[in-house]
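Some notes on the structure that comes next.
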Amino acid sequence: MKKIKIALVGQPNVGKSLLINALCKANMKVGNFSGVTIEKASAKTFYKNYEFEVIDLPGTYSLDGYSEEEKITRHFLNQNDYDVIVNVLDATNLERNLILSAELLSLNKKMLLALNMCDEAKKEGIELDTSILSQEFQSQVVEISAKTKENLELLLQKIIILFESKFIPRSQFYTPLCEKSPEKEDLLYFINELSKKIITHKKEERNLTKKIDALLIHKFFGLPIFLFLMWLLFQLTFSLGQIPMDYIESGFNTLGEFVKNNISNTFIASALADGIIAGVGAVILFLPNIMILFLGIALLETTGYMSRVAFLLDGILHKFGLHGKSFIPLITGFGCSVPAFMATRTLKNKRDRLLTLFVINFMSCGARLPVYVLFIGAFFPSEKAGNYLFGIYILGAILGLCAAKFLRMTAFRGLDEPFVMEMPKYRMPNWHLVWFMVYNKAKMYLKKAGTFILLASLLIWFASNFPKSEENLNDFNAQERAIEQSYLGQFGKGIEPIFQPLELDWKLSVSLISGLAAKEVMISTMGVLYSLGKDVDETNNDLKGIIAKNIPIPSAVAFILFVMIYNPCFAATIVFSKESGKLKYTLFLFLFTCTSAYIVAFIGLHIAKILLN
């Protein structure tokens with residue numbers, strides 16, 4: 001079987017990621033904002049006796065650019081570690097796309113032009129004379145639709161023919177293809193004239209996108225609409241997620257009781273019920289909320305709305321020292337900090353990139369969501385829970401803006417750069433791809449629950465049960481004394497004075513420390529530490545009830561505020577260190593976020609006390 005290595009190249013928003021999904025059935029992220037493919041990604045497919053390895057390179061407008069994505073693409077193409085270049089173009093916006101195509105031709109490699117979104121071009125009355133394009137660019141042209149999978153088999157056939165044919169260097173149809181000004185202006189003129197020959201509009205261009213934009217990015221209505229959509233997302237995240245949560249919680253409680261009642265060895269029964277089931281179950285409990293949140297974010301991305309919000313918030317972000325493009329990493333941070341940190345590569349200015357890296361942590365990631373849902377469900381009525389959840393996320397964003405202003409005035413001074421960003425057309429989401437985006441997130445969440453969090457739960461259970469107490473543990477007070485004398489209890493009592501001003505007990509203090517590894521571990525830790533009271537008080541036989549009974553509301557407020565701001569998980573911290581480039585920035589992140597969290601939590605504690613008195 002022969003192997004063909006394909007470099008998939010194109011400008012942002014031309015559908016490269018969608019194409020690689022269609023060709024290789026790869027579950028890759030697809031979005032409508034610049035830089036969705038931050039790193040080189042690959043997938044494989046097989047056709048006839050050939051194995052195709054498709055390298056999805058970051059979207060780039062030019063090979064002359066200096067952003068991280070453009071550097072990655074240029075470096076890969078200059079390495080010659082591929083057989084064929086497949087240049088993907090947007091058939092509805094061909095003229096702009098051809099500039100990159102001309103630059104790619106100057107590499108003098110085997111290249112094929114794939115005109116994507118031809119189905120949309122036909123709907124808009126756009127006709128393309130591909131014979132002229134093929135002749136002028138001395139390359140094969142294939143009209144395809146990654147969305148409907150039209151002509152994808154033909155594309156593979158053309159790639160095979162190109163791969164098997166002997167490469168004949170092209171005659172230079174235009175000399176200064178990759179030169180800079182003033183020749184670059186001549187290239188633009190050439191592309192413009194060529195486009196007039198290739199492109200024919202049979203009817204007026206549809207202006208549906210403009211009509212929608214007139215409302216969604218309106219000067220007065222745009223921001224309220226965005227806030228309403230965010231409120232609706234968090235409202236649905238809590239209210240819809242609550243329905244399966246009750247069944248999942250009941251199932252794990254029943255399973256734990258079954259294990260305790262049917263395993264005679266109390267040591268093994270406790271390890272399984274109080275360690276694994278209580279710890280892992282407490283994390284899996286919030287899977288529905290996680291899936292609903294990621295579904296909402298995926299829909300906003302794939303429809304093209306997120307790019308509009310970046311434009312809408314540019315003025316506000318600039319006032320706080322952030323760049324308009326910072327919005328993309330920031331909104332990604334609501335899902336997970338790891339891809340959010342990586343998405344800062346779209347920012348060319350180093351100061352803007354570093355500032356955005358620091359502020360991302362204030363955007364509550366999906367791993368923090370279970371903590372919020374747990375505490376909101378414990379202390380507030382369910383009909384208002386969505387409002388409180390929305391308020392927590394908005395408060396985190398506001399604190400992030402304040403932190404950005406502070407850092408811009410101190411550590412990251414510099415001039416603002418202008419904001420230029422492409423506005424893609426609105427598109428109906430591809431439900432198959434949206435599902436796989438959500439499925440992948442859920443799969444990662446469950447994988448973490450079944451590996452890392454399972455081990456953490458066992459470790460926490462062991463540390464909270466040893467050394468063994470000689471007392472009769474049928475008494476609740478004896479159980480409390482036993483856990484306080486355990487290794488975990490001794491550690492918790494040791495760090496308790498640090499968190500005493502926040503009025504957090506040693507159990508919450510230990511939960512915060514465990515959250516440095518992964519925020520989900522906090523839920524697992526509380527699930528183990530607070531599970532002792534289950535057998536004693538039957539009216540509070542779930543984690544929410546136990547927390548509501550044992551933690552005062554002001555302390556709960558302080559805990560939530562601390563969780564909202566302090567250092568990201570270990571995996572995200574490693575990525576932050578890599579993206580920032582220096583260890584000193586990682587140390588500063590830890591000190592800055594933990595100090596900010598402590599101050600905000602202290603203020604929140606006393607405000608809550610005043611309001612409750």
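Cβ atoms are placed via backbone N, Cα and C, with glycine included.
Swiss-Prot annotations:
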DOMAIN    3-165  domain 'FeoB-type G'
BINDING   Gly10, Gln11, Pro12, Asn13, Val14, Gly15, Lys16, Ser17  GTP 1 binding site
BINDING   Gly35, Val36, Thr37, Ile38, Glu39  GTP 2 binding site
BINDING   Asp56, Leu57, Pro58, Gly59  GTP 3 binding site
BINDING   Asn116, Met117, Cys118, Asp119, Ser145, Ala146, Lys147  GTP binding site
TRANSMEM  220-240  transmembrane segment
TRANSMEM  266-288  transmembrane segment
TRANSMEM  290-312  transmembrane segment
TRANSMEM  322-342  transmembrane segment
TRANSMEM  357-377  transmembrane segment
TRANSMEM  387-407  transmembrane segment
TRANSMEM  444-464  transmembrane segment
TRANSMEM  510-530  transmembrane segment
TRANSMEM  556-576  transmembrane segment
TRANSMEM  587-607  transmembrane segment
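Between the two most distant C-alpha atoms of the annotated GTP binders (Asn116, Met117, Cys118, Asp119, Ser145, Ala146, Lys147) there are 10 Å.
Using a 10 angstroms CA-CA radius around Asn116 (GTP binding site), the binding-site residues that qualify from Gly15, Lys16, Ser17, Asp56, Gly59 are Gly15, Lys16.
Using Cα positions, the member of the binding-site residues Asp56, Leu57, Gly59, Met117, Ser145 nearest to Ser17 (GTP 1 binding site) is identified as Asp56. Of the chain residues outside the GTP 1 site list Gly10, Gln11, Pro12, Asn13, Val14, Gly15, Lys16, Ser17, Gly59, Val88, Asp90, Asn116 have their Cβ within 8 Å of the site's Cβ mean position. Only Asp56, Leu57, Pro58, Gly59, Ala146, from the binding-site residues Asp56, Leu57, Pro58, Gly59, Cys118, Ala146, place their Cα within 10 Å of the Cα belonging to Lys16 (GTP 1 binding site). Burial estimate for the binding-site residues (Gly10, Pro12, Gly15, Gly59): highest at Gly10, by number of other CB atoms within 10 Å. Looking at 220-240, 266-288, 587-607, the range that has the most CB pairs within less than 8 A of the transmembrane segment (444-464) turns out to be 266-288.
Of the listed binding-site residues, namely Asp56, Asp119, the sparsest Cβ surroundings within 10 Å are found at Asp119. Classification of Lys147 (GTP binding site) by DSSP places it in coil, neither helical nor stranded.
Counting Cβ pairs under 8 Å that are 6 or more residues apart, the transmembrane segment (587-607) and the transmembrane segment (322-342) reach fewer than 3 and are not in contact. For the domain 'FeoB-type G' (3-165), the model gives a mean pLDDT of 84. In this chain, the transmembrane segment (290-312) lies out of contact with the transmembrane segment (387-407); the count of Cβ pairs under 8 Å, excluding pairs fewer than 6 apart in sequence, is fewer than 3.
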